[in-house]
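Visitor: Can you keep this structure in mind? I'll have questions shortly.
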Amino acid sequence: MAKWVYTFGAGQAEGSAEDRDRLGGKGANLAEMCNLGLPVPPGLTIVTAACNSYLEKGRSMPEGLREQVREGITRMEKITGRVFGDTNRPLLLSVRSGARASMPGMMDTVLNLGLNDQSVHALGHDAGDARFAWDSYRRFIQMYGDVVMGVDHEVFEEVLEDEKARLGHEQDTELSAVEWQHVISRYKEAIEEVLGLPFPQDPEVQLWGAIGAVFSSWMNPRAITYRHLHGIPAGWGTAVNVQAMVFGNLGNSSATGVAFTRNPSTGEKELYGEFLVNAQGEDVVAGIRTPQNITEAARIASGSDKPSLEKLMPEAFAEFEKICNALERHYRDMQDIEFTIERGKLWMLQTRSGKRTAKSALKIAVDMAEEGLISKEEAVARIDPASLDQLLHPTIDPHARRDIIGSGLPASPGAATGEIVFSSDEAVQAVKEGRKVILVRVETSPEDIHGMHAAEGILTTRGGMTSHAAVVARGMGTPCVSGAGSIRVDQRNELLIAASVTLRKGDVITIDGSSGQVLKGEIPMLQPELSGDFGKIMQWADASRRMTVRTNAETPADARAARSFGAEGIGLCRTEHMFFEDDRINVMREMILAEDEAGRRTALAKLLPMQRSDFVELFSIMHGLPVTIRLLDPPLHEFLPKTDEEIAEVARVLTIDPAELRQRVDALHEFNPMLGHRGCRLAISYPEIAEMQARAIFEAAVQAAHDTGAAVVPEIMVPLVGLRAELDYVKARIEAVAKEVIGEAGVNIDYLIGTMIELPRAALRADTIAESADFFSFGTNDLTQTTFGISRDDAALFLATYQQKGIIEQDPFVSLDFEGVGELIQIAAERGRRTKNGLKLGICGEHGGDPASIRFCEEAGLDYVSCSPFRVPIARLAAAQATINGREVAEVQALAAS
């Protein structure tokens, strides 16, 4: 028969901290504390597999579970000298959840289980405090009624508030035993009125009702949401911990509290926490009474006139402080600890690794490494790479009031406040006038780049995490919320229409690009700080990692920002972004609208010095580091005007007939531009465009090498190649231009020509394509689109539904799809290197900044990842963790093999 139950108590436990997967975090740590000889109330843990079995079998308890729980309770009875269900010396229980990953507050708890109309008298007699017994009973009815029976907790709150008002009491603690009895009678009446059922008096019925409720809470909406947000698989299930109750509400020599072994906000090495005298655990969290400081130093710092635990109960405090230090040394991490003091006796109820801010995490990791508790590699592995966003961008003050008017996708982290503007030109003008703005659009296009650059933040009602707005905003480090479908933009009347409010141009909003929230008004911000601890962790990370980290950048500002964050080159320079500046877009349009090659070459001659100067600046900033430049990729219609007003204006500037321009725009329109006339197909149709870009690159390389003294080896990348012949055609044109420039300059130029792998055919035919390529860069944005057959700009319409319904666990445009897209990358890497040993491989899609995707890149043997500038520190840390993890896995495999 399966073993469903593991017991602990009296210094012995069947499990340990190693059994987290089986016993959940809480159960494993209770067992571990027990094995360490710490004062832990006896109990039992029902394994996570029992939860999965219960949910899979239509909420039916697994065979053998009831018998094993009964055996565990018998052991608890022997240790405590109390009997479950007895009316003289009743054993009361707590029933708590405990998943293997910490999910604070997401699942259910029941305390004081086992009380009924008879045993409450025995509890009062035994404790010598009738009021305590009736208070415990009403808490149990309230909790059980809500969690197990499904009666809204507000029903109980209304009864209690009504009774307090009738009696003239302010606090719960003022009610007497008799008064609590009256509240309990009303509670039971309310339950019967709502459900038509009496409150259960049989402790066995109570116990199994509570166990079932905790199992079921694994699938409650808030738990499901939390799992989605934190990447916790639904298949893990939760353990259930059934433990003998100890009471912090047994008078003024009793207390309950929560503490951290270091400050979770700052990371300072100090005992940090709160407690309440004469209270149960949930009172500390509920905020019904103001908690007191644990240490005297904290009390003095806070200015509180209430005594600290250190002063009030010095013996219990001294023991608690000693245990806290021992637990931190044992687990080698900052601990979050729950405790109860029952009539002077200290009991440990929980320990777990404490949640902490990014700033605190850095300090704790660095300090512990320098204290010798952990190694530098362990310190690097302790930091959540995604949390570094908190350090690189302003964030909303967590204590600030939020007036949320809508929400979308957290497309680019950080928070921003400004006046609403509805066009990019307005954004630029407002900034010239010294005003801060949020650019609000249905969706953005490349022509909005000037407004996006000027705005403090960007809000779009359409688009996903890899939409134009999201990608560009991340690259610029500008906060962005995309796909806010609950908000409507009335462009004509310049209105932002939300469910609760309609706002006009000039009204102030705040966007939180880290959560996706859109808020009315100006909200207080916290400014980012990069501490010395950040620098140390990055230094240790760089010493550990194998892959290099480049950036996606095409502007000097982006390139400088990326260098300051530690980028080791440019992995993707999107040359088309350089053509959207005001002084260039019309020259580009002149080229597109030219009637023949001669006309195109005339316009391209005007663009050449512009591109060359851009490349000179990028090469100079990178000072000898690799720079990968992608030739023109998007379809030409993206550069053309769209509305009648825009067409009229462009026709005026180019001195052509608006009707003729409209006709040309319509002729270039494509039904599916993502799969249309773009990438290398443009270079083959109009080779003069690729030739101009190649000349600009080579001339810039010569000049930058002369100016800086650093060797410049440009890497020219041909996009959207599916056939080797396509690459061969474009490569021949590039090499011809290189030969011309070398002859003109009288100096040799080293360069590489490679391709983006962004089509499934290219991945499958990588062996032949590698014969003509010096490097591959995986363009995972398009490779994901073409593998799934999903347009990333439309994906937001249904991918969220897919996640909610469990069809996919992650948005494949945010975190790489390892099974499909990932396999294509592995195939291309293996086949490409089989043809050309040492072929350089990198990734330059948005996945280059995603920690899970970076881990995959390490496993696939890629040489570098490339991401937006503000994600470079995240990628450096994630790449180091991937290397460390890979080394550990290899060591385990080698050990197993021997």
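Keep in mind that glycine also has a Cβ here, set from the backbone N, Cα and C atoms.
Copying in the features that Swiss-Prot gives for the protein in this structure:
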ACT_SITE  Cys844  active site, proton donor
BINDING   Arg96  ATP binding site
BINDING   Arg574, Arg630, Glu758, Gly779, Thr780, Asn781, Asp782  substrate binding site
BINDING   Glu758, Asp782  Mg(2+) binding site
REGION    356-412  region 'Linker 1'
REGION    413-511  region 'Central'
REGION    512-546  region 'Linker 2'
REGION    547-898  region 'C-terminal'
Visitor: Taking helix as H, G and I and strand as E and B in DSSP, count the residues of the region 'Central' (413-511) in helix, strand and coil.
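Guide: Final tally across the stretch: 27 helix, 32 strand, 40 coil.
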Visitor: Given the substrate site residues Arg574, Arg630, Glu758, Gly779, Thr780, Asn781, Asp782, which other residues of that chain have a Cβ within 8 Å of the mean position of their Cβ atoms, reported in sequence order?
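Guide: For the substrate site, the extra neighbours are Leu572, Asp633, Pro719, Met756, Ser777, Phe778, Leu783, Cys844, Gly845.
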Visitor: Taking the Cα atoms as reference points, how far is Thr780 (substrate binding site) from the residue listed as 'active site, proton donor' in Å?
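Guide: Here the two Cα atoms lie 7 Å apart.
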Visitor: I'd like to know the mean pLDDT over the region 'C-terminal' (547-898).
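Guide: Across the residues of the region 'C-terminal' (547-898) the model's pLDDT averages 93 on the 0 to 100 scale.
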Visitor: Around Asp782 (substrate binding site), how many other C-beta atoms are within 10 angstroms of its C-beta?
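Guide: I count 22 other Cβ atoms within 10 Å of it.
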Visitor: Could you check which of these binding-site residues, Arg574, Gly779, Asn781, sit within 10 Å of Cys844 (active site, proton donor), going Cα to Cα?
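Guide: Matched binding-site residues: Gly779, Asn781, sequence order.
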Visitor: Nearest to Arg96 (ATP binding site) in three-dimensional space, by Cα, is which of the binding-site residues Glu758, Gly779, Asn781?
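Guide: Nearest in space to Arg96 (ATP binding site), counting only the binding-site residues, is Asn781.
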Visitor: Within 10 Å of the Cβ of Arg630 (substrate binding site), how many other Cβ atoms are there?
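Guide: Around Arg630 (substrate binding site), other Cβ atoms within 10 Å: 26.
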Visitor: Would you say which of the binding-site residues Arg96, Arg574 has the most Cβ atoms within 10 Å of its own Cβ?
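Guide: Answer returned by the neighbour count: Arg96.
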Visitor: Just to be sure I understand the packing, how many Cβ atoms besides its own are within 10 Å of the Cβ of Gly779 (substrate binding site)?
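Guide: The Cβ of Gly779 (substrate binding site) has 27 Cβ neighbours within 10 Å.
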Visitor: Including all protein chains shown, what's the count of other C-beta atoms within 10 A of the C-beta of the residue listed as 'active site, proton donor'?
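Guide: That number is 28.
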Visitor: May I ask you to report the DSSP-based helix, strand or coil state of the residue listed as 'ATP binding site'?
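Guide: Note: the residue listed as 'ATP binding site' is in a strand by DSSP.
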Visitor: May I ask which residues of the same chain, at least 6 positions away in sequence, place their Cβ under 8 angstroms from the Cβ of Glu758 (substrate binding site)?
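Guide: Expected: Pro719, Leu720, Phe778, Gly779, Thr780, Asn781, Asp782, Leu783, Thr786.
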Visitor: Relative to the Cβ position of Asn781 (substrate binding site), how many further Cβ atoms are located within 10 Å?
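Guide: Summing over all protein chains shown, Asn781 (substrate binding site) has 17 other Cβ atoms within 10 Å.
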Visitor: How far apart, in Å, are the two Cα atoms that lie farthest from each other among Arg574, Arg630, Glu758, Gly779, Thr780, Asn781, Asp782, the residues recorded as binding substrate?
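Guide: Site span for substrate, by Cα atoms: 15 Å.
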Visitor: Summarise the region 'Linker 2' (512-546) by DSSP state, stating how many residues are helix, strand and coil.
Guide: 13 helix, 7 strand, 15 coil
Visitor: Tally of helix, strand and coil residues over the region 'Linker 1' (356-412) according to DSSP?
Guide: 28 helix, 10 strand, 19 coil
